[in-house]
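Written out below as structure tokens is the structure these notes cover.
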Amino acid sequence: LCSCQNYECCEWLRCCGGGEPRPRTVWLGHPEKRDQRYPRNVINNQKYNFFTFLPGVLFNQFKYFFNLYFLLLACSQFVPEMRLGALYTYWVPLGFVLAVTVIREAVEEIRCYVRDKEVNSQVYSRLTARGTVKVKSSNIQVGDLIIVEKNQRVPADMIFLRTSEKNGSCFLRTDQLDGETDWKLRLPVACTQRLPTAADLLQIRSYVYAEEPNIDIHNFVGTFTREDSDPPISESLSIENTLWAGTVVASGTVVGVVLYTGRELRSVMNTSNPRSKIGLFDLEVNCLTKILFGALVVVSLVMVALQHFAGRWYLQIIRFLLLFSNIIPISLRVNLDMGKIVYSWVIRRDSKVPGTVVRSSTIPEQLGRISYLLTDKTGTLTQNEMVFKRLHLGTVAYGLDSMDEVQSHIFSIYTQQSQDPPAQKGPTLTTKVRRTMSSRVHEAVKAIALCHNVTPVYESNGVTDQAEAEKQYEDSCRVYQASSPDEVALVQWTESVGLTLVGRDQSSMQLRTPGDQILNFTILQIFPFTYESKRMGIIVRDESTGEITFYMKGADVVMAGIVQYNDWLEEECGNMAREGLRVLVVAKKSLAEEQYQDFEARYVQAKLSVHDRSLKVATVIESLEMEMELLCLTGVEDQLQADVRPTLETLRNAGIKVWMLTGDKLETATCTAKNAHLVTRNQDIHVFRLVTNRGEAHLELNAFRRKHDCALVISGDSLEVCLKYYEYEFMELACQCPAVVCCRCAPTQKAQIVRLLQERTGKLTCAVGDGGNDVSMIQESDCGVGVEGKVISWFFFPQRHSFKMVTHKELCAVFSSVFYFASVPLYQGFLIIGYSTIYTMFPVFSLVLDKDVKSEVAMLYPELYKDLLKGRPLSYKTFLIWVLISIYQGSTIMYGALLLFESEFVHIVAISFTSLILTELLMVALTIQTWHWLMTVAELLSLACYIASLVFLHEFIDVYFIATLSFLWKVSVITLVSCLPLYVLKYLRRRFSPPSYSKLTS
């Protein structure tokens, strides 16, 4: 996969694809007529291939000092002068650790390979001179004519040539590409759509001239040329004519010509390289390992200095380094890896988070150190389902509980019409000085039913023929398709109150009344919604009356200056917005025939302009947008996922800042942020206005700097300008905000924001998303969460690790084995291996089950999470305390043994080793906060293993000696002296300076 920066993509294409990416000429149906080499259409999300897997995994392991140290240590034992024991005592633990790592990486790579193979093996139909043939996605080439069925994924970036839809267009679902649930309308090339059959595409001589591959998924520049017509036909191509890979055809069957494949796909170029993640805990351990190594070198020099650097002192230094090597225990690495595997298993088995799959078992502890959570909106915070909530007419408002009143008003209007004489038909003909409430409601509902871009589609349900269903307008077969879920929600609502959209094509629209009467309207003009205009309009002619009406709906900020003066619009829009509703203002204007004809002439003339076309067109439309009659306000709400509000409240209390990064529109994103309580009621929102250059960005940043405790809402375009000129200043201000919303965000921008947060704050980030456009963000974050389906459960996982205990037990072993400053190990062979494994590993490892507080209490008091963010369990202070404890206990065991057993000095190994084992088991018990039955089993099992193994350790320990009463009471005294003071200190500390969580458990 390509890197997520455009210039990096170009560099990669240059080195791997044979030169600079450049524009191309693609002949329809003739992939052999190519002017350059194109990559294979293969999706590859793996980190390694067959040849780079083992070197790559080993490099990622040994690039950290922690692992490199153990490798050098094991290799040193091949030198006879440096050997301190059997080779297996060094190579077996290291081999075990490497084997676990390689197997884990191999399993994850195989899973990734299987997923990629599934995508690459999907079968499509290709048009050829011999007819239609089946082809795998991975075998599709530039120039192929590919047929894509409804609900099928588009396999490559293509130009849309033909559709089976009667209206000559199709809808695409693009949520996996840009995160938007709005269906996108796509138009085929007019020249090829007019051909009688799809097979005729191979009979014409035509080609597409396309721009070079780039990451922009919202724009495209190209031309279509047919050479064999007289004169040659040439059509301009834009984003409306494209079918990008990763999108799904939502209507009809389409035919397209392939332009880009493989790594040149827009979706691939917007995806960053998968990387190997290492947890903050591992980095902290790596740092402490370097400190321990430094201490090891110092101690070794001191030992040699006490011998006055006699003889081959340099060799003695190395031997002391090897003798003290257990100060950095390899069992620590074993415990860390096994602990992470246990945490991953617990997450998978958690009944409160059903269906969770742990993709990476190397970073589960990261969930306990998150400072910033970056989430997608669509499908993550919301369910992708818009619901109509409010109709406001100024003097009266209708909510969900009063929609039956609206229905009765509509019913009464059309019942009255059917009883009136023919000359009186149509409510618009009945002119009254004072309009009744029913007519006001009817006008509002009719405006909502007509002012949109929704198309009803009739599908066969297995019983009814599709054509027959469309003819009869069967409700059970009708599905609404639109480029915006809000519009579908509005049309579904008008259907629920009695006015149903039953038919539409490019020039007409049909509505059905409660009395099953069909109202026909001719569509004269449509002015689609744009990000700049923030409104859409439509001019229709009522076929029954001949009246021409201009309907418009849009955001209140623009509609306030268009509608006639009123005293309630601003106040009610604010009230509805505070409830988290997306507010649309609906207005209308009746046009005389002459007025419309004059407008049409000016509008057509403006559209033919070569220079400043968009400005001239907007000026002509604005000439109509004056003194429009305000009909109503509508409020729709994007349904939130279950428990999103309490979850965001919990995150806020836990000290985690939430940023919402979405590809959706600014208004929708802002409403969702309010509705989900991402922005609290007492917080202001600063909407960062659109900036295009350095000066505008500077002024807007200064305005933003004057705000305090204010949430930020910014668009992707403005964000790009700010990061280009004022990256440091912008990130500094944004990080101070309680919440940030970035809308119209491209996938690359999401990953860039995550990367900047990591660099500027040094804090851990977690990214949550559900679509293909979120992959880059998830991969870039320290901990990524992918959501499947429409339900997300949020979870914390407290960090619990046994690093302190592992380091402590190894330091105790080292300091208790220092024997008269001689570079000879006191505990040799199996003793040191057994100490690090079967004698003490199970109790130390069982600490992964330890809990400061119950999970219910942790969720009830999320403020406890802030303690984890401070990283105190592994701070330098905590680490130093455990080093001092180790020195004290190691010295106590060694010199206690020398003091009490002077006459049995030959049994010093048995004396000190037994005390060491007992001390370690007691220290584990001292550390435990909440006992688990497995902890007790681990303690007893370890003690039993030691006692049982004495039979086989006769070369190191005299079994008859340790069975004497004198041995037992003296070992007990040494163990008590090493442990009892620490128990007393722990009691005093918990009595006079208890930790915050202990107050909740008492």
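Cβ atoms are placed via backbone N, Cα and C, with glycine included.
Just so you know, TrEMBL annotations never went through curation; they're auto-generated.
What TrEMBL records for this protein:
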ACT_SITE  ASP376  active site, 4-aspartylphosphate intermediate
BINDING   ASP376, LYS377, THR378, GLU487, PHE529, LYS553, ARG582, THR662, GLY663, ASP664, ARG744, LYS750, ASN773, ASP774  ATP binding site
BINDING   ASP376, THR378, ASP770, ASP774  Mg(2+) binding site
DOMAIN    31-91  domain 'P-type ATPase N-terminal'
DOMAIN    126-264  domain 'P-type ATPase A'
DOMAIN    812-994  domain 'P-type ATPase C-terminal'
TRANSMEM  50-72  transmembrane segment
TRANSMEM  84-103  transmembrane segment
TRANSMEM  283-307  transmembrane segment
TRANSMEM  829-849  transmembrane segment
TRANSMEM  879-899  transmembrane segment
TRANSMEM  905-926  transmembrane segment
TRANSMEM  933-953  transmembrane segment
TRANSMEM  959-985  transmembrane segment
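Comparing ASN773 (ATP binding site) with ASP376 (active site, 4-aspartylphosphate intermediate), their Cα atoms are 9 Å apart once rounded. Taken together, the residues in the domain 'P-type ATPase C-terminal' (812-994) have a mean pLDDT of 76 on the 0 to 100 scale.
Here the candidates are the recorded positions ASP376, ASP770, ASP774, and by Cα distance the one nearest ARG582 (ATP binding site) turns out to be ASP376.
Broken down with DSSP, the domain 'P-type ATPase N-terminal' (31-91) shows 29 helix, 0 strand, 32 coil. Sorting the domain 'P-type ATPase A' (126-264) by DSSP state (H, G, I as helix; E, B as strand; all else coil) yields 22 helix, 55 strand, 62 coil. When the binding-site residues THR378, ASN773 are scored by other C-beta atoms within 10 Å, ASN773 scores highest. Within 10 Å of the C-beta of PHE529 (ATP binding site) there are 20 other C-beta atoms, taking all protein chains into account.
Local packing around the recorded positions ASP376, ASP770, ASP774 was summarised as the count of other Cβ atoms within 10 Å of each Cβ; on this measure the leading residue is ASP774. Comparing local CB density within 10 A for the binding-site residues ARG582, ARG744, the maximum falls on ARG582. ASP770 (Mg(2+) binding site) has none of the binding-site residues PHE529, GLY663, ARG744 nearby, counting only those with a Cα within 10 angstroms of its own Cα. All protein chains considered, the CB of GLY663 (ATP binding site) has 30 other CB atoms within 10 Å.
Rounded to a whole number, the C-alpha distance linking the residue listed as 'active site, 4-aspartylphosphate intermediate' with PHE529 (ATP binding site) is 23 angstrom.
Across the structure, PHE529 (ATP binding site) and ASP774 (Mg(2+) binding site) are spaced 26 Å apart at their Cα atoms.
THR378 (ATP binding site) and ASP774 (Mg(2+) binding site) have their C-alpha atoms 11 Å apart, to the nearest angstrom. If you measure from the Cα atom of GLY663 (ATP binding site) to that of ASP774 (Mg(2+) binding site), you get 10 Å. Here the CA atom of ARG744 (ATP binding site) lies 13 Å from the CA atom of ASP774 (Mg(2+) binding site).
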